[in-house]
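S.K.: Among the features that TrEMBL reports, compositional bias 'Low complexity' is placed at 1-11. Marked as domain 'Histidine kinase' by TrEMBL: 265-471. The region 'Disordered' annotation in TrEMBL covers 1-38, 462-494. Under the heading transmembrane segment, TrEMBL lists 54-76, 88-107, 127-149, 156-186, 206-226.
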Amino acid sequence: MSPAASPASPGGEAGAPREHAGAAPSRDARASTPSMLLPSGAPGGAEAPLASRLTWLIALRLAVLTVFLVVTAAVYLGGFTPGRFSSIVALVTVAAAYGVSGIYAVFLRMNRALRAIARAQLVTDQITWTALVYITGGASSGATSLYGLTCLTGAILLGLPGAIVAAASGAAAYLVLCAALGLHLLGVPPDQPAGAYATQWGELRYPMFVNLLALLVVTLLASYLAERLRATGGRLVQATARAEQATARAEQAERLAALGRLAAGLAHEIRNPLGSIAGSIELLRTGGTLSDEDRKLCEIIERETARLNDLVGDMLDLSRPRVPTLEGVDLSATARDVVVLAGRSGRGSDVEVRFDGPPSAPVTADAAQMRQVVWNLVRNAIQASSAGAVVTVRLWRDPSAWLLEIRDQGRGIPAGARDRLFDAFFTTRTHGMGIGLAVVKRILDDHGFAIEVDSREGEGTAFRVRVPDRPPESGGAERLAVAAELPPRSRPAA
């Protein structure tokens, strides 16, 4: 009975003589968990986290301004009424800050030039604090601590560059204010006590030195903490990714264990009826009393029976790993045999399969498993091809290995499916289980061989297997678990 054919897709089943092999492990998950506090240069600190941090900055600014308004209201309620000048400056400053925050929020929703927005917010904040410093005591005002808060914010937003922008703009604004007071370009607010303000250079030197030194210390400390946070956050991201990979592998192992139990039952419960069906159909065909239409129906039943048997065998291959038995193998002879077999089975009659390679290609591998690899790849290529297409099997040598390429002229593999191409149970077909390529990957991993995929949508796909002259010293076979005892695979009895 010839192996059945079915429409192909990446990850489709392969039905052919084979030894049991397991499935490929899931691909490593690529996950990142960026922290809200990571600088944007940190792992995972991209535009989306920066936008989130900018949102927090706007909220923090509004909170500080709101606190300032509450304090002002408390002062009013306490019976102290400042003069008109300070009230106007305070209200204008707060109103302007609220308005600028609204403008930044609009730009933030557009999600454009986020770094420029971040730098602009830092500079705006320092100018805002300078206005508050002016009406609350000038060079000696306690509001100068807000400069350091902005430096810390800059370090959180943009790392060291953000801290430098905040420190430079804060220092510049503070020095301009002190210079204006010292040169009498800016007078003491008329509603404030004149003695509370330093307006002479001798009086200004000390608060200027203390505040600028404090600003420098805060900047250095904030930058150091931001870098430490970036490094720690990077390690956390990597640890999270490794944890997710381990979880994915554990889930894959659990699925395979369940599949192994299911495959054992399937081998017993399905194969026996399949053998009976296949034998009965063979007897009907040889009876000589069937019409042409009945014979066609018998051929359909035979083909579907063989396909179902192959599906059961694929599940066994996936669920029961086997340590490769390394021996000398002629890869060229194996590929030629598979090409001949593929041309006589299933859709091989309307898809031409060609072999191009040397007469001999000695390698060290498990003969049965390498035959299974070649068969699965050729069968997948045939299934991916339309009628009249050509599947080419090429074998050539580079300085240290044999390269086996199976190329089809199909539709190619969608870009979104390539990362999961060798995952067990992944298929782009409406029917099928996505086992064939998973079996290929598992066998090659157990041997320590590599496989590459070159696919372009609309132009076809090429699978390229690299078989080195010497197998790796620590092959994947050592990682195989002891398989559960399962019934051996056999075709339905004829």
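From the backbone N, Cα and C atoms, a Cβ is placed for every residue, glycine too.
Note that TrEMBL annotation is computational and uncurated.
Give me the local environment of each listed feature.
M.R.: Mean pLDDT of the predicted structure over the domain 'Histidine kinase' (265-471): 82.
Remote same-chain partners of the transmembrane segment (88-107), defined as residues 6 or more beyond its termini with a Cβ less than 8 Å from a stretch Cβ, comprise 54, 58, 61-62, 65, 68-69, 72, 113, 117, 120-121, 124, 128, 131-132, 134-135, 189.
Long-range neighbours of the transmembrane segment (127-149) within the same chain, counting only residues 6 or more positions beyond its ends whose Cβ lies under 8 Å from a Cβ of the stretch, are 64, 68, 86, 89-90, 93, 96-97, 166-167, 169-171, 173-174, 176-178, 181, 186, 188-189, 192, 196-199, 203-204, 207-208, 211, 214-215, 218.
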